[in-house]
C-alpha cells in the first residue's frame, strides 16, 4: 500500500538525504585518528575486597557496594584493616563497572613500589550495579547519597593512624563525575570531605540525551548550585575529555563553566594533555596508559610531605594540574622552582654569534655552554627559538645578565619551555627580557646517545602568516594556500575567521626536502587559545600530510584570539599549506552537536502529516496515503519561522514577562544559543533529515504490518471485515484497566509498550481482513474511489449506518499507519526507563520515580480506543474540525520545546491522539 504511492522524485530526494546523513554519521563514528592508546597491564592478579557497610545502609541501597582494589602482596596486607595510604574513590559512569578502577589503581601501585612505598594510594571503587544513569535519571540522587555514605565509611578505615586523612580524592568516569559534583548539593555534605575531583569524559554542561525530566532536573540543580556558590567552592576540579574518538560524549559537554571568580577548575581534551597527545573513546579513557600515567604523576606531585596526604593548598593543586595537563616544561614539578641557577664547574664555554645554529651531540665527554650574545640580535630580530631532541628533565637553557661571554649564574629559562612528542622547545620574545645579555644553551656530557640542539633568531613578521579559511558553502571546490619560503624551524599560521563549531576544514601540508638523507620529523600543532583542545600531528618529511580542523567549543563572543597552526619544521625543507572546506566533516559536526534533536524533528514531520490526513478526512471524506501527505505537509516553512519569531520576540522585555507569566518553559533555541550551538541552516538540515527519517520509518512500519498480516493469514484462518463498528468492544475496558494496573504497579513504559503491541495487533488484524476481502472479491473497476466519494456526497445509506466497506478499511489503515509511526517514537523515547527497570528487577519491582507513569495513564485509554477506531466513524464527528487544527501548532511546539528536552516530545504527541479518540464519541 505504501509503495504504490511512492513518487520517484521524492524517493530520489530521500535517498539523497540518506546519503548526506551517512556522510555525517561516518565522520562521527569513523572520521578520527586510530586508537593510539597503549593498554595498561596488571603485573599481579587484581583483587577487589568488599568493604562491609552498616546493615542499615545495605538495606537502603541493596544494589550498591564498595570495594578496595589491590594486587598481590598489597591486597593480602590490606585485607586486615585499617589502612595507611591516601584514599582515592573511583566512581564508574553509565553502565560502568567498579572493576574499571584496576588500570589507574595498578599504575599507582607500581609507582608506589618505585619509591619503596614512601607514599601510596588506596583505590576504592563503588559498584553502582552498572546502572544506565545516562538513560534514566531517577537514580542519580540515590547514587549521590550512597557516595556520601561511602566517603564517611572510607575515612573511618583510617581512624587511629598517624597521618589519617580527613578527605578523599575522587576520580569520576562519565556520569560518575557528575555524581561527584552533585555531592556538594547535599544538605549535610561537608565540602572538606573532597580534596580533589578528576572527571573523565563527564558531560558537565548538559545530558547527552535528555530522555526524562529527572536527569534534566538533576543537571539543573548541580550546575545552578556550582554557579551560584562559585565563590565558596574551593574544590579543585579537573575535567578531561576524550576528543573526537569519543562519539558517546562530545568533548564540548565536558568543559566546566568558566566563571571569572572561580579559578579552581580546568577542562582539557586528552589530545592536548602533555605526554598523552591522543584522543580516547568513551571507555578507553579509563585504561589509556598515557593518560593514566599522567594522572598518577600528578597525584604523587600533589602529596604534602608533612601530612603525607594530598595537599590542601589550592594554588599548589592548580600548579600541579597545569604542569601535567596543560603545559609541561620537560622538567620535574617543583612548587617553588629556583629561577636562578649556578653555571659553574669545568664546563667549556663557546660563543655563538650566528643567527641560526645547530649542534649534534654524540658521545660528548665534556659539558658545553653555548652562549648567544643578544646585543646585535636585538637590533634585527624580535624572537629567539631553541629546541632540543634530548627529552630529559634537566635544565638546558638559561639567560645571562652579565655583559661578558660567560656568567656564573643565569636565569633558568627551561621553565618557559614546552614539551612536545619529539622535542622540547622554547620561544622567547626578546623585548620581554631586556636585562638579558646572553642566551646560554647547555649540552651535558652524554655517552652512547645522540641528540640535536637547534637555535635561531627571527622576526615575528617573517614567521607569522595569515591564512583565511574558505567559506562554508565552497563545499571543498575552492582552496587557499600559503607557502613557507624561508628555511626556519618554527612558524605560526593564523587561521582567520575560524571559530564556529559548524566550520570544518581539511588542511594539507606538503613538505619538500633537500640535503639531509636522515629521517626528519615535523610537528604540526593546532592551537585553540580559548579552550584546551589542541591536537598534534607528527609527520615524517618529505611527505603530504592531511589535518582535520574542527572545534569542540565555539569561540566566545568577547574573545578576539585567533586559532593557530603552529609548525615545528626542518630547516632543510620547504612547506606548502593548503586549506579547503570539508563538507562531510561539516555534516559530521551537525550530527555530533545536533543529532540528539533528530527525534523531535521526526515527530514534528509526522505530526504535520497527521494533521494533513485529518484535514483530508474532513474536507474530502477520505484519507491520503502517509507518504503522499508527508510530501505535501512536512515543510520546514510551516515550523521554523514561528520558532525564529518567538526567539526574536523573547528579546523584548514585555514579551519575556508575558512568557514567564503564563509559565512557559525556556525556548530550546535560546538554550542552544547560550551554548554557541546555533548556526545557519541547522534547523533546516535537521528538518530535512527528520522528514527523511519519517519517510523511511513509515515505509518500514507499513512493510512490517503487511508482512505480519501475511504471517497471520498463513497461521490462522482468513479473517473477515467487521460488519459493525464497535468502538467499545467487550474486552476493551478490561485490557485498559489491566494496562493501567501494570503501569501503576511496575513500570509505565512497560504498559505503554503492551498497549502499543495491542494497537499493532489490531492494525495487523485489519490488514489481514482487508487482504482476505480483496482476494475474495472480483475486480470491479466501477467501484472506484470516485464512485465512493459520490456515494458519500449523496449520503448513501451504507455510510449513514456506518457500515465498514473495503475503501473505509483502506482509509482506516492509512490513518493507523501514521498513528503507528507516532506511537513508535513515543515507545522508543520511553524505552530507556523500561530497560533500566528490567535490569534492576531483582532489586525493585516498581520503578520509582517513574517518568512515564503520567504519560501512560493518558496514552493507554487513547490507544485502546484508537485500536478500534475507523475513519468512517471519525469523519462524522463534530470534533474533527478542531482536532485537525492541533497537529500544526504541536509540530511547532515539538521543535520549540522538545529538541533539547526529548522527554517533552511524547507530551505533544499524546494531545492529538486523545482528541482523535474522543472523535468517536462527539
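Each Cβ is built from the backbone N, Cα and C atoms, and glycine gets one as well.
Among the candidates 234, 558, the residue that Swiss-Prot annotates as N-linked glycosylation site is 558. Both residue 407 and residue 716 are recorded in Swiss-Prot on the same side of the membrane. Residues 734-754 are the range that Swiss-Prot records as transmembrane segment, among 566-586, 734-754, 755-775. Annotated by Swiss-Prot as transmembrane segment, the relevant range among 501-521, 522-542, 669-689 is 669-689. Residue ranges 818-838, 839-859, 860-880 are listed, and Swiss-Prot annotates 818-838 among them as transmembrane segment. In this structure, the recorded positions under consideration are 174, 363, 402, 558, and the one with the smallest number of other Cβ atoms within 10 Å of its Cβ is 558. Put simply, of the recorded positions 174, 363, 558, the one whose Cα is nearest the Cα of residue 402 (N-linked glycosylation site) is 363. Ranking 12-32, 669-689, 695-715, 818-838, 895-915 by CB pairs under 8 A with the transmembrane segment (598-618) puts 895-915 at the top. If you take the Cα of residue 174 (active site) and the Cα of residue 558 (N-linked glycosylation site), they are about 30 angstrom apart, rounded to a whole number.
Cα spacing between residue 363 (N-linked glycosylation site) and residue 558 (N-linked glycosylation site): 53 Å, rounded to the nearest whole number. Long-range contacts of the transmembrane segment (734-754) within its own chain (CB-CB distance under 8 A, at least 6 residues past either end) are made by residues 826-827, 830-834, 837, 845-847, 850-857, 859-861, 864. Ranked by number of Cβ pairs under 8 Å to the transmembrane segment (642-662), the listed stretches 695-715, 818-838, 895-915 are led by 895-915. For the topological domain 'Cytoplasmic' (916-922), the list of distant contacts is 614, 727, 819, 861-862, 865-866, 869, 873-874, 877-880, 883: same-chain residues at least six beyond its ends, Cβ to Cβ under 8 Å.
Annotation note: residue 402 (N-linked glycosylation site) sits in a coil segment as assigned by DSSP.
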